[in-house]
Amino acid sequence: MNFGGFIMGRFDEKIMLVTGATSGIGRAVAIRAAKEGATVVAVGRNEERGAAVVAAMEEAGGKGEFMKCDVSNKDAVKALFAEIQEKYGKLDVAVNNAGIVGASKTVEELEDDDWFQVIDANLNSCFFCCREEVKLMQPSGGAIVNVSSVAGMRGFPSAAAYVASKHAVSGLTKAVAVDYATKGITCNAICPAGTDTPLTERSSADIKTRMAEIAAQGKDPMEWLKNSMLSGKTETLQKKNATPEEQAATILYFASDEARHITGSIVASDGGFTTY
């Protein structure tokens, strides 16, 4: 039943993992999925925010729990999935959402630490999780949705590490789809553009700093900004950012049984940002 935009019962009896679940898009996914019947394992690093997500899921009439994990740490990820296996015995849906934007720098400006911080948070975390997810899903199938970015579909200035990591997530998504299609596992990537989340706010602050640096070099910061990854609401056809709830609706469609025939797709959820 569709109730106020929610599809009640869509995820009944499903065990769903959501990483990066304590804020932004991940939080919206966890709350809506719980409302639609899933038992949600909300994963993040902040216990206080994790408890708040669980409370929000329960307030929405759903159920779930918080499991603390740094998903960029392969041993921590193995321990996380061992706990899920022991407690639930299966995994039906996984939304790999954890990630960062990182330093706004060109290739020559990036230090090694800048690079590896973003690769660990965005790509390695997704790989570590996918590797464990397919093991738990293979007996009965499942759905994996990786949250990539429009930066996984095109390039942007001063975002070398982020663009590389998100293109790699899109590639990993296709590889998983190819390897596990006959085992009943779908794997798709959603590529948001501007979305009103704490991550976007932090990135916007970093971009303001970057614009000041460009101006100090005698260059036009507005020329740089209009091509940047976070160039603002006016750069989408819809002239607005998405809400986390709008992105969650798209993600959960691909996580649902309604999308069983879709796999290996890299889907722009970007208000038309990548059409021009």
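Along the chain as shown, the residues are counted starting at 1.
Keep in mind that glycine also has a Cβ here, set from the backbone N, Cα and C atoms.
According to Swiss-Prot, the features are:
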BINDING   Asp70, Val71, Asn97, Tyr162, Lys166  NADP(+) binding site
ACT_SITE  Tyr162  active site, proton acceptor
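The structure, with features from Swiss-Prot marked on it.
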residue	record	CB count, 10 Å
Asp70	NADP(+) binding site	16
Val71	NADP(+) binding site	25
Asn97	NADP(+) binding site	30
Tyr162	NADP(+) binding site	26
Lys166	NADP(+) binding site	29
Checklist line | Residues Asp70, Val71, Asn97, Tyr162, Lys166 binding NADP(+) per the record - widest CA separation, whole Å | finding: 19
